[in-house]
Structures are given as structure tokens and as C-alpha cells.
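**Student:** Mind looking over this structure? Questions follow.
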Amino acid sequence: MSEPLDLNQLAHKIKQWGLELGFQQVGITDTDLSESEPKLQAWLDKQYHGEMDWMARHGMLRARPHELLPGTLRVISVRMNYLPANAAFASTLKNPKLGYVSRYALGRDYHKLLRNRLKKLGEMIQQHCVSLNFRPFVDSAPILERPLAEKAGLGWTGKHSLILNREAGSFFFLGELLVDIPLPVDQPVEEGCGKCVACMTICPTGAIVEPYTVDARRCISYLTIELEGAIPEELRPLMGNRIYGCDDCQLICPWNRYSQLTTEDDFSPRKPLHAPELIELFAWSEEKFLKVTEGSAIRRIGHLRWLRNIAVALGNAPWDETILAALESRKGEHPLLDEHIAWAIAQQIERRNACIVEVQLPKKQRLVRVIEKGLPRDA
């Protein structure tokens, strides 16, 4: 063990070590989330968590870090940028024949990377303590990471419920290290949303039902990632070409003009997932899906839900015979997929018929003009 440091020195060192490990910011807070408990309970009571039963099952444990690791006195909260240099947001979203994957999922799964870095941070702290118990968390345990990040001074909660930072926007991952030493804590920052409601207005499905409250049952991220069954039919047309997650509420946010690019190679987009053709994705076998998504967050939804999401996007695409053929080719593989294929085919046929009407109408209008030209002026 190295020479023990006093707690103020240690807190300073922890932030320095965190930066050296690749985190963009490190903050420290206590474990008191009592103010968040009523909000969490109200959210659960309204069933806004949808089918994410684990949220209700863990209940208030999420707001009590000291119960996750008995003896915990402080939470070290960290953030790491994930925005790649070639994100290509607009070009992908504007092309309905391409599949849009939320930019956090284009590269390697962040859970393992952040957890390993947090573990290293814990081991570095351990070298300067007589004794230390620690436990890293990365979006994988019942813990309210955003309120903790807010208390630790990493940013404020935006109306889309994500953490916003004045120098970095919101395109970053969060992680926590629970420790049992009474480090000095950081102070929250002032919120900066003001009267802006851009995120609420832009949400394709109206999932941000009131400021700071998201009804997950309407959120495209929930529908494409967490929901195991059929996507509600009334929401399918609103999903566009978003096949895994959604970034709209972040893209519209004025604070994301200050977003910083990631320095992690692991977060660079994988070519098969970056602006891919929907028809090509829909042709993937399960073997191909597992190969391409190895080490990716996408893999956890499985091949079936992947195809379900793409079927919806194909249904939202402009009429194309090749799309219709692609949809027909996967009929009969699974009832869940069949339901979404049938819907998508109906959408495609409806657009084809609309195209026929649009073509016929100008021809009729031209014929009327020709006849009118041949008539006497006083006819």
C-alpha cells in the first residue's frame, strides 16, 4: 500500500486518476436519494416502466445505494463521451431505406469497458487506504445513476430525463463506484433548460409526457430494445427507420452543440451497423446477426426482435418491389415476426396504390387541358 492520503487529497487524486483512465469527469456524492423516492414511486405507479418489471421489483432499492453495498458512504460518479466523429445522424435519418441505430450502440458494448475502468479506479484508491470496499456499477444494477450524477455535479437533469452538461451536452455514458470512505462531496450545478421544450416537441411518439418524465411505453428506445412482444400498431408509423434506440431528443437539444467526440476506439461505429440498408439487414441470418453484434449492446435483443424492428422500418419506407419481396421472404419464421411483416406489407401496398393514383391523376389533368384547348373560347 502507498502512503495514505487525507480525504481531501484523496478526492483530488481520484478525479485525476479518473481522467487518466479515460473518464471526462468525476464527481463525488453521498448516498442520500430520499428526494428521488417519491418521484420514482409515482413513475412506477403510473406504469410508465412498461414491461420492465425489474424496475418495480427492486422498488426503492434503486434510491438506496447503501443497501446495495452495506457500509457505502459515497458514490463516485463518472461520465465518458461516446459520440463518434462520423455519427452521420441526419443523412441516415433522412434516408428511409437505411436503418438508424442509436449512436451509443454503434461500437462496442460500453458496460464492460466502463466497469473495467471503474474497477481499476477502485484498485488505485485502495492503494492509498488502510481498508476500502468498493463496487462498480454501469447501468446494470438497481441504482438511480442520473440523480447520483446530478448530485455529484456532473450536470443537471434535462426535460428528456437525461443528464446535461454545459461543456459536453448529453452524449456520454454514466458509471458509479460505491465506496465506504467519507470523501468530501461535490455540489450540484445549476440547471440550464429554462423554458426550452425542444426535446418534448421533437419526440416522434410523444413519450416525454411532461417535463422530466418519460413514459417508456411510448419511447422508441423502449419499443425497440426492452419490449419483447409486439410493438403497438399506432406507434409503428411514428418510428420511421429507427431500428435500435432513438436520439431525437438529444439531437434537438441546444446544449449538444457543445458535445465532445469520444477518444475511445471501442466506440467507433462498426461498418455493418453504420447507415446500413434495411433490406440487407433484414436478410441477415441469426448466425450473421450474432457474428456482427458480438461484443455489441445490440446483441441482447436477439435476432427475432432485430427482425421485428426492421420489418416496421421497411413498412415505413417508400414503396419498393424489392422491399415487398424481402418481407414476403421471411414469412412463417415466427408469429411475432409474421405480425409485423403483415403490417409492413399492408403499408407498402397502400403506398403502391397511392403512387398509382398520383401517376394517373396528372395524366387525366393533361387530357382535360388538351380537350379544353380544342374547344371554342365561348364554349
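From the backbone N, Cα and C atoms, a Cβ is placed for every residue, glycine too.
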**Student:** Considering the [4Fe-4S] cluster 2 binding residues CYS203, CYS246, CYS249 given in Swiss-Prot, which of CYS129, CYS219, CYS355 is annotated for that site as well?
**Tutor:** CYS219
**Student:** Which one is it: of the binding-site residues CYS196, CYS199, CYS203, CYS219, which Cβ has the fewest other Cβ atoms within 10 Å in this structure?
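**Tutor:** So among CYS196, CYS199, CYS203, CYS219, the binding-site residues given, the one with the fewest Cβ atoms within 10 Å is CYS196.
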**Student:** What are the DSSP helix, strand and coil residue counts for the domain '4Fe-4S ferredoxin-type' (181-213)?
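**Tutor:** Summed over the domain '4Fe-4S ferredoxin-type' (181-213), the classes give 5 helix, 4 strand, 24 coil.
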**Student:** Based on Cβ atoms within 10 Å, give me the single least packed residue among the binding-site residues CYS193, CYS246, CYS249, CYS253.
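**Tutor:** Among the binding-site residues CYS193, CYS246, CYS249, CYS253, the lowest count of other Cβ atoms within 10 Å belongs to CYS193.
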**Student:** Taking only C-alpha atoms and a 10 A limit, tell me which of ASP139, CYS193, CYS196, CYS199 are near CYS249 ([4Fe-4S] cluster 2 binding site). These are the recorded positions.
**Tutor:** CYS199
